[in-house]
């Protein structure tokens, strides 16, 4: 997808730059190129409808902001006031989601462009008209690419789902190849979180396209099958998180066969992602079938060894069962890819956008009203951004600093709602600028051929847009010489601009960091308890539905699948909030060990519930374990009490007596190894999953206890 964005943005920027220069209009060429570049950066992807609304509003907001900035630039107080009010709008614009965030930033940059463009260089009409031309041309390019390839956006997003599924399989492969036992499965969990987010993004895009379609086209339902297949392949592979790396000598062959099977799965997922990205539909899964058969044979040999301990054989049996479930999903992918790339797919059906702007803005306004409170994080971010931008603009205009516009511009880029994000952006922006300035100094002093400069501008535009979403520091390194070369053509200043930009960028980064630390900081330690409570409550609801299916012997329904999605998404959000807290100063962190345990064991519990969910109904009819009803009741009651712990310090946490009694009453599968028919392991595997779920809940209880009572020796003794 990054390649397509880069090509489209380069085309949108290059045509007005080269075309207007060929007509001997250098100033309009430069301004139109800046308008196209900013609009391309604002085009953040996602559903076509959101993109069209973003680009359409950019055609309106960018020229108006630039004209207002040019008018106010003559009075430092007016420019500062205008920048302050605009920054408030940019901060509150986050209530409209990614659309408001990207559009707000582009509008702020246009305002600053207007401030540095005097009327003698470009009149208000020329300034606004040129920026409008660049933004409108970018919109036209997006519409043309959309109509020519109406499904390409969602195909790219489905492709990224399979790329993420391949990363999950690679993380599982790394887990079983470790030479020493790991202390956790954080890498595997993080890759699954990334897959979950990509699946949700692809589903959102697909849902909007389905609303724009006439209902007769079969491409969109087929793409939905692919999205679900990627999600389930990732969930099945996640079950391998319990497979240990360090193994007895007798399990070497089984472990090697498991690694080969995972390698084949990684390769197939990568092929699917490539085929979706480039429009091919031929897939052969026989290699995976062969590796899976090899794993089954290795497990048969391991099973026949008299010295094989029960836990070892059950782990590999569990892994084989999980990977075998992927065969059905891969077969679905084969069938869909065979049908996908036909005449119907390229025809486009009726896919010019129905914008539904009223619905979008209604949701955004509702979110905005909810955040217009002094204690709301978004409201505080808007005020923080406004004050920092006001100070930066006052420094630039009040002291008439040449090229001082980089101070408020850096503040706009660096300052984020959370201090961890601000610190990361400040480092990336500063490091990228210093590297970019070095490159810019070389180009400004050594390159004077206009044609070569134009070629460099196009190349820098392409690679900036290519890396902007994934490698921000590298994108800033390339964006710096791009902006400097453009401004050098507007107002030549030689090396002075190069070195001044470093100083002003550092000033803006320091100002943004100071604002993030001192102006109503949004510390994650205050947000994390609510995120964790939400995640634990979602897991409790999912556990209730899954265990109800186990108890009644019914299959998993769409309601349970939706609860699974919510549990996985909320678990990923809680983990992201925890990681943001770790990025903040150490003195602002608290209860890190308890929070880590809650996040980690909630992820493990969700994974084991998903595994049980997939496992139900795959084996022969067998009697349920004794005292299952009591165990389910005790487990769900304990889990609900744990879910209240992060935000409710008044309600008692209670104890584990009921759950421990129920655990002891159920027949332990591993203790009955000699009585087990090794050719029919289904009851034992099911019992093992239930024991893992019980262990996860017990570990969550211990973490909640530490959160409420601390980790002192007396608290541990009471626990």
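Keep in mind that glycine also has a Cβ here, set from the backbone N, Cα and C atoms.
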- Note on the structure: Matching 19-38, 99-118 to TrEMBL annotations, transmembrane segment lands on 99-118
- Of the residue ranges 347-364, 419-436, 473-490, the one that TrEMBL records as transmembrane segment: 473-490
- For the transmembrane segment (52-69) and the transmembrane segment (124-146), does the number of C-beta pairs under 8 Å, pairs 6 or more apart in sequence, reach 3 or more? yes
- Stretch of maximal Cβ-Cβ contact with the transmembrane segment (502-520) [cut-off: under 8 Å; candidates 99-118, 382-401, 473-490]: 382-401
- What are the helix, strand and coil residue counts for the domain 'Integral membrane bound transporter' (394-514) according to DSSP? 99 helix, 0 strand, 22 coil
